[in-house]
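Annotated features in TrEMBL:
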- 423-437: compositional bias 'Basic residues' (COMPBIAS)
- 415-437: region 'Disordered' (REGION)
- 117-152: repeat 'WD' (REPEAT)
- 218-260: repeat 'WD' (REPEAT)
- 369-401: repeat 'WD' (REPEAT)
- 9-27: transmembrane segment (TRANSMEM)
Amino acid sequence: IFLSLQQDVIAGFLYAILILVVFHPVVDLIDNFNLTYRYAPLIIITFEMTAVEKIEEQLASLRIAKRSALSEEPAYLLDIDVSKPVQSESSRSVAVCCSSKSIRVYNRDTLNLLREYSSHPGILNGVRFAHTCDSMVFSACSDGTVKCWDIRLATQKAVQIFSGYPSNVFISFDINCNDFIICAGTEKVAKDTFLVFWDARGTTNCASTTKEPLGVYSESHNDDITRISFHPVEPNLVVSGSTDGLVNVFDIKKDNEDDALISTCNSDSSVSFIGWSGKDYKQVYCMTHDEGFCWWDIAQLDTEEPITLLHVLDVRDRVCIENDSLHYLVGGLYHAKADKLFLIGGTFTGNIHLISCATDGLSLVGTLSRGHSATVRSFCWNLTDESLLTGGEDAQLLLWKPGAVERSLTKKTSLKSASSVQRRVRVHNSSSKSRKQ
């Protein structure tokens, strides 16, 4: 035994020497290259640009892989979310919020309809899967509730209901990354508008119960709260957007609303979409109902640097599209691997434009055509296989993949002859509350 131990020690010593002899010169060579070679930073940047260009090529090469069958009751597809598989072998599902006051659940690979949940008479606003349980799907409802369904159960009944206060009409919501907290935003009633919070823990036990709110924020917005988005990895951070033009970032760990409000940014118009971007997701961006775009770096709040990365009053005037046009914005997606933010817009005839964002401006990456025949209202990006799901006013749910080939390219007709439903547009002046621009 002693002899064997002695041999192991000698072998380990020789292995350590081998590592020093072989790898140490290489490390020194890399360090010297970075310190002495004048073009080293340019080469590093070139590698990074190549990664971004590769992602842009993948986006531009998206083609239709699957198309859902048209439902017996066609409806606008207003929001889309994809389940996060808790186990690698579990199949993924797609939930779609429809204008017919229902949630439809599809198989993600085949786009076959699996379930449909109705919420008459309330209007459903938004749809989200839980992050830690891929069978739980949530939606906010205009009847003053957030409902949760278990897609494993063949029942129309919600397994849990999160009730608001009597006057609440919810038009936006989100659930944080650890599934502990739900937050919903209300329409303005009289002079009141609220962010309402609930404890979401315990929703996976299939107990049909009703939960009361933990509390509300009521001072930070003065009009309809149109969008809510929790931070992708920090469960205590949430950003909200409103028709008052304000985009507020909160740290809900704080004891009260005043302390929780980290920053207030002013978009100068009614907010239609918000999201997080940048390394460690320290940036916030928004789109407005009159097709404006704002992008802020929250990491600069405690510095002398300006936090505004880009502010475009009307994206339609800033993006050049040959032989086509840009009619509206749908939303944004942040590609974490490439550290790149993209916008998604389109035309009233169904073309989808992918737009790259940089601090010096916006540029067209590519156009997805021959898919939708009317305004695109929703999308969901899947980073795992670089695929895109889109839903529109033509009642179609489409799955796009790089280089895919669809067997049938029959284009469905629109549900209507005119363009999209007109949304309210409220332009606000810059005198609204703004801590740092």
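Backbone N, Cα and C atoms are what each Cβ position is placed from, and that goes for glycine too.
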Which sequence positions outside the repeat 'WD' (369-401), separated from its termini by at least 6 residues, show Cβ-Cβ distances below 8 Å to it?
58-59, 62-68, 70-71, 74-82, 94, 96-97, 106, 108, 111, 327-328, 330-331, 333, 335-337, 344, 346, 348-352, 409, 411-416, 419-421
Three-state composition of the repeat 'WD' (369-401), taking helix and strand from DSSP:
0 helix, 18 strand, 15 coil
What are the helix, strand and coil residue counts for the repeat 'WD' (117-152) according to DSSP?
0 helix, 20 strand, 16 coil
